[in-house]
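**Q** Have a look at this one.
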Amino acid sequence: MTPDALLELARQRQAQSDLHAADNFACMVLERDADHGPALLLRAQLAWQRGQVDLAVPLLVQAMQAKPPQALAFWLEAAQLAQRLEQPALSYTAYRHACALAPENVLLWNQLGVQAQAMGDWEQAAHAYQHALVLDEQQAFAHNNYAALLQAQGDYPQALKHFQRCVQLKPDYPIGWRNYGGLLQEVGQFEAALHAYRQACALQADYVEALAGCMYMQLQLADWRELDQQERALRQAMAKAPQARVSPFVLLSLDANPARQLAVARQWSSQFPTQALPTRQPTQRARIRLGYLGGDFFSHATSWLTAGLFAAHRRDAFEVWGYDYGPDDGSALRSRVSAGFDRLVSVSTLSQHALAERIRADEIDILIDLKGWTRATRCDVLAWRPAPVQVHYLAYPGSLGASWCDYLLADHTLIPSGEEQHYQEAIVRLPTCYQINDRARAMASPPSRQAAGLPEQGFVFCCFNQHYKILPGLFDIWMQLLHATPGSVLWLMDMGAGNRTRLCHEAQRRGIGQERLIFAPALPQAEHLARLSLADLVLDTLPYNAHTTASDALWAGVPLLSCQGEGFASRVAASCLHAVGLPELITHSLPEYRAMALQLAQHPTKLQALREKLAHQRLSCALFDTAASVAALEQAYAIMWQRALAGQAAAGFDLPEALS
């Protein structure tokens, strides 16, 4: 029987799900011709079908390196199998052969771009997408994929152009609408993003990612119409599609339960499987080389907190590098942060693979991610394992849910003993509050109430958290406080005319005149802190607490009232209050929160006593002791590094309260 006949029998058995017999026939072909490409490919397919990935990959490599026929079908099968095996480099090679055989096939060029992008070769991906669009400018899928690449490269104007063209050409493409909405969201065009997400949902009612986008945009816009129905629809869709991925950050405003957050984070991080570079063994040297990875080294909340961190590291024990994929806004804060590093490397134009290779080549010992699953993150570069020790800190309040992150920095309030099972990483508890603060943050002279837009008289409740953290039930309580406190006002951040209108309407629905809501425009940080001191009481949000805004209030000398919840994101303000010595301002239920807010508003002497206590302790408390916070971080890093040098796996530990 000829090799071709045997191969046909093998394929027939494969179609009948008789994998063992199919493999036997394929082996008979290879006994006659060890370099028979189609037979090797068939054996690789059979191995994959049996779940033998470790066998399938080398068989596929052998098939592609043997004597494959110059047939399009062979290379397409090889490319598709490589995709199933999550081998983008092999898939790219196969599609490259396919494109050579069918150079006018726009779909093949599009797929070539997808695989190049998956393996981190942005240049080849761009070339493939551009060639596809030269062949057919009306190829919607190529526009979508090219836009995603441009978005990853930070070229938002061009990315928007191509996403828009995608949905113009194929208005019935829900993925295109969702991706378009995601970029509109990233650039702050929330109303347009909501429209795009709704278009995706209209085409596919159970589209989990689009439903989550709709909810998040409604919260950003303070648009609470049908919010309960939207949340039910999202949860039902998530239950029906457990493999669907929703950004963990989007759900923080709705549910801070740590177990559910971990499940969502694990599902989200699964799209970034570990694809490690050659292992770099930890080696002892005079100084531990730290690498801080982030995109917020400019006038951003994270930099307001960390401005004093980088320069304060002991240079006899640590070398401090930064990897920056964000913008340079030319601000004084940017200059100060930059000066704190021994080296700050701009990596915004590097692909994830190239970025990982750069970090590895720089021999970073401990890589500290400062973004997590927040906006415009690139924390998934940790999936390449560019450093022996990898840590998540500060920006995202929870677990990354990924095996490629070793440690999470927290404290005893954020993650009490016994809660470790809700976090993928090994937990390192710092001695007081996990949140670093900059003791040198400047504050201008306070303006008059009139200059700040406040009435001359009356109690000022304040919440400068972003509006996506404000939920209708909490807003109910705030309106009840205004009802019960004649002449009082609620001072909020101004997030645009649409948000002002909607929040005023919600107040009126609850019997409160719109004049009792005051909106504060954006100001430079020193001026912002100065006006904040005019507030009487800052009200926290739940389930997503104030983070940087909590420290802002306390640094400005204003008491902060918080309701401590279940998980990390719901406990940050409580952690800050413990560290500033005001645990009496931590409540544990919304009724208690409402009662204490009302008591403080109606008993000015009690509130004044808290204000005086804060003023007395502000400069001596743990929260604003930058030097002690840096020392704690350094001790944590040193312990992590000693474990790595000893060949020990990451393991959680607590630093002592009285850190010398």
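Note that Cβ sites are derived from N, Cα and C of the backbone, with glycine treated the same way.
Sharing the record's features from TrEMBL:
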REPEAT    106-139  repeat 'TPR'
REPEAT    140-173  repeat 'TPR'
DOMAIN    279-441  domain 'O-GlcNAc transferase C-terminal'
DOMAIN    448-629  domain 'O-GlcNAc transferase C-terminal'
**Q** Report, as numbers and ranges, which residues of the same chain sit near the repeat 'TPR' (106-139): CB under 8 Å and 6 or more residues beyond its ends.
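**A** Sequence-remote neighbours of the repeat 'TPR' (106-139) are 79, 83, 88-89, 91-92, 95-96, 98-99, 145-146, 148-149, 152-153, 169, 351-354, 356.
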**Q** In the same chain, who gets a Cβ under 8 Å from the repeat 'TPR' (140-173) while lying at least 6 residues past its ends?
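**A** Distant contacts of the repeat 'TPR' (140-173): 106-107, 109-110, 113-114, 117, 122, 125-126, 129-130, 132-133, 179-180, 183-184, 186-187, 196, 199, 203, 325, 348-349, 351.
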**Q** Give, as a single whole number between 0 and 100, the mean pLDDT over the domain 'O-GlcNAc transferase C-terminal' (448-629).
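**A** Per the prediction, mean pLDDT sits at 98 for the domain 'O-GlcNAc transferase C-terminal' (448-629).
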**Q** By DSSP, what is the split of the repeat 'TPR' (106-139) into helix, strand and coil residues?
**A** 27 helix, 0 strand, 7 coil
